[in-house]
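One structure is given below, encoded as structure tokens.
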Amino acid sequence: MAPRKKIAVMTSGGDSQGMAAVIRAVVRTGINMNCDVFCVQQGYNGLIEGGEYIRKTEWADVRGYLPRGGTPIRTARCKAFYERPGRLTAAKNMVINGIDAIIICGGDGSLTGADRFRAEWPSLLEELVSKGELTAQQIVPHKHLNIVGLVGSIDNDLSGTDATIGCYSALDRISTVISWVQDTADSHSRAFVIEVMGRHCGWLALMAGVASGADFIFIPEQPREDNWKEEMCSIVKKHRDEGKHQTIVVMAEGAQDRYGKKITTDMVKDLLSDPHGLDLDTRVTIVGHPQRGGKPVAHDRMLATLQGVEAVHAVLEATPETETCFIAINENKIVRKPLMAAVQATKEVAEVIKAQDFEKAVKLRDTEFADMYNSFMITSNMNTGEDMTLSAEKRMKIGFITIGAPAGGVNAALRAAVAYCLSRGHEPVAIHNGFAGFARHHADEDSSVRPFDWLEVDTWATWGGSEIGTNRELPEESGMELIANLIAKYKFDAIFLIGGFEAFHSVLQLEKARDKYPSLCIPITLLPATISNNVPGSEYSLGSDTSLNELIAFADKLKLSASASRRRVFVCETQGGRSGWLAMIGGLTSGATAVYTPEEGLSMDMIVADIRHLRDVFQQDKGKARAGRLILINETASKVHTAKAIADYIHDEGHGRFQARESNPGHTQQGDIPSPIDRCRAVRLAIKCVKHLEQFGPKAQHDIQKIKKDPLTASVIGIQGAAVVFSAITDLEIQTDWKNRRPKSAHWMYMKDIVDMLGGRPSYPVPEKSLVGIMAKDAKRGLIVE
Ligand code: ADP
């Protein structure tokens, strides 16, 4: 039998949230794939020190790592590794331990060091043999070193990946601080200058600016024009004149002018508080190290876990000919990419900034960065860019309507869309309380159809719910003829819907009614927003990230309680309608023992197998492991086996050796303040939606037949794999499981095996009517090797 493969994992360089989750995923996947896994303590220091620093790690050792901040195996910067003698000792220690595959989670420095180590490996081994430190025989099984990188960094500064592990947690910390600051700023009508991390990368400052609706930002990639002082003061003055009571300026640490001269927080503060100018009571807040700390948000846990699993596959599949790769994410896809090309591109950004080629600097960042920058400029500097305004005949009257249950990010989307509309000269109009409100209250004095008041809308960036009111009623229920007549009466040139499955269904009903009602022959688009994340055409809906974070915050507490009480299992019910997305991703990001979804269904045999597993687990741990167990069950997974019933079965079968309780976070899953991810995506996608509507032009220019024939005039925006796309509702109609109100395939279904594997769940009898195989068929693992 071939000896077990030995792989190592380590964290290096600057720490970030999610590194602990990486270690858990690598250790457990490695063990699952029949490897011995070693954790190297303190980055490259540990490789050089050897001995106790390179520890074989077992399954149970990484229990509880998923929600932890920081890195439990420590990280370090290591001078000695820059020099060949340091790397020589590291190579020797690896061979002594039989390790020739290593997964490194760190920034571009750590990954550069790793690539260098790999390139030198054969010569290092030769030298070790020639010096008599290793025998020729010892090195035979370890001729090649395989390395895979994972990018752990709060700055999101590596080219080629949309997100690095930790960046969204840091953004969450910043956004929270800014929201606190906004409350006090507003009360005192103060201005705040907020400095965030990012010496060469303005991602955090940019995203924080977008998420919080800041007035002005400074980022290194895109310094302002020479007149930045006048520009900032005039924008702030304009916002104050409009009636704003607070001013927020976000600065990256690396803020500079076009000539590379640093712009400090004090310089900005002095300008804002100048008694001869704006004369604002101004304070400076430096967010500092809290940005690196705290629990990872759901996105970072997911990224760390999926990338950790992928890294083990990659390192085991690598051959001597394979280029060193790192694991990236592009939009919603986990991909392997050549490491050094990304490191080179990252270094190039710093160089071009130094050479003051700022256009190129933004281009070298991912497409989302440029998109977000433009979105920020549009929403913060609304109406001042004359060149954006369209000529009169191209302007449109656009009706906005939200349908279904509230979801985080809806207000941010409305704010961004309205700002974009106003800067283009369009007329954005709010239709209050969905189609029901439109149908019943259009004739009221306080009509359901009202233009947006910008001063009011401008404050919506961080608000939960829907400020224009929402309702589940479909247009056919409200009366299609009435709705069509109202659209004609108000002379709408386009309709912009935001909502979940009911909104999706509404778009289809409107499209189908076009033959009968010509007033519906206008462009209609939907921005999906629902915590169930079940809208066909998109792998992501606004609000889904907020609810996921709410759910895992709840689940973390349950696990803590369960582990403190020892030998307790919580069975927690999740929302999600007939889509198991929230339960499954909640399970992935909170570390569930089992997840029950409506797609798979539930059977007695399955529950019995899971109870047997729990019995074994609790028998083996002899009361030592302080780990609580968690089972997540979607609200519609079974009519008979409810969370309460399952908890009762488990409790009863525990015979006093273990206990079970049921728990339900209920409507708290809709969230409070939307997550920064939902807010930022809301801004980006909403602007894209208006641009999409814009391309068809106002009604006066419509050729009705052309509108009818163009399937994209009734569309849904979505993130699909690595792309943001508009899909025709008529195409999506056939991809929809109407009875179960979800897409026929599920992009997330491949994660089920990962959840089961990382939770240590043994195989179980699959319920007879399980759709898992069918739904996962079209939604492949999502691996692009570039
Ligand atoms: P980060 O990984 O966060 O970018 P650093 O740039 O400090 O952080 O790199 C972390 C460690 O990686 C360094 O302390 C060093 O041990 C190693 N390292 C970085 N660059 C190289 C290099 N060019 N050659 C060898 N080792 C390197």
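First residue shown is number 1, and so on along the chain.
Just so you know, glycine gets a Cβ as well, placed from its N, Cα and C.
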Per TrEMBL, member of Glu126, Glu225, Glu253, Glu321 binding substrate alongside Ser153, Ile154, Asp155, Arg190, Met197, Gly198, Arg199, Arg283, His289, Pro290, Gln291, Arg292: Glu253
Residue from Gly14, Gly18, Gly202 that TrEMBL also lists as binding ATP with Arg77, Cys78, Gly107, Asp108, Gly109, Ser110: Gly14
Cβ neighbour count (within 10 Å, all chains shown) around Met197 (substrate binding site): 22
The one of Arg199, Arg472 whose CB sees the fewest other CB atoms within 10 Å, among these binding-site residues: Arg199
Neighbourhood of Gly577 (beta-D-fructose 2,6-bisphosphate binding site), C-beta criterion under 8 angstroms, separation at least six: Phe501, Ser532, Asn534, Glu635, Thr636, Arg741, Arg742
Most distant Cα pair in Å, residues Ser153, Ile154, Asp155, Arg190, Met197, Gly198, Arg199, Glu253, Arg283, His289, Pro290, Gln291, Arg292 binding substrate: 33
Cβ packing number for Arg283 (substrate binding site), 10 Å threshold: 18
Rounded inter-Cα distance in Å - Pro290 (substrate binding site), Arg568 (beta-D-fructose 2,6-bisphosphate binding site): 33
Fewest other Cβ within 10 angstroms of its own Cβ, chosen from the binding-site residues Ser153, Ser532, Gln670: Gln670
Pairwise CA distance, His667 (beta-D-fructose 2,6-bisphosphate binding site) versus Arg292 (substrate binding site), rounded so that it is a whole Å: 30
Entries of Asp155, Met197, Arg283 which, being recorded positions, have CA atoms within 10 angstroms of Arg568 (beta-D-fructose 2,6-bisphosphate binding site): none
Recorded positions near Met197 (substrate binding site) (Cα-Cα within 10 Å), from Asp155, Arg472, Gln670: Asp155
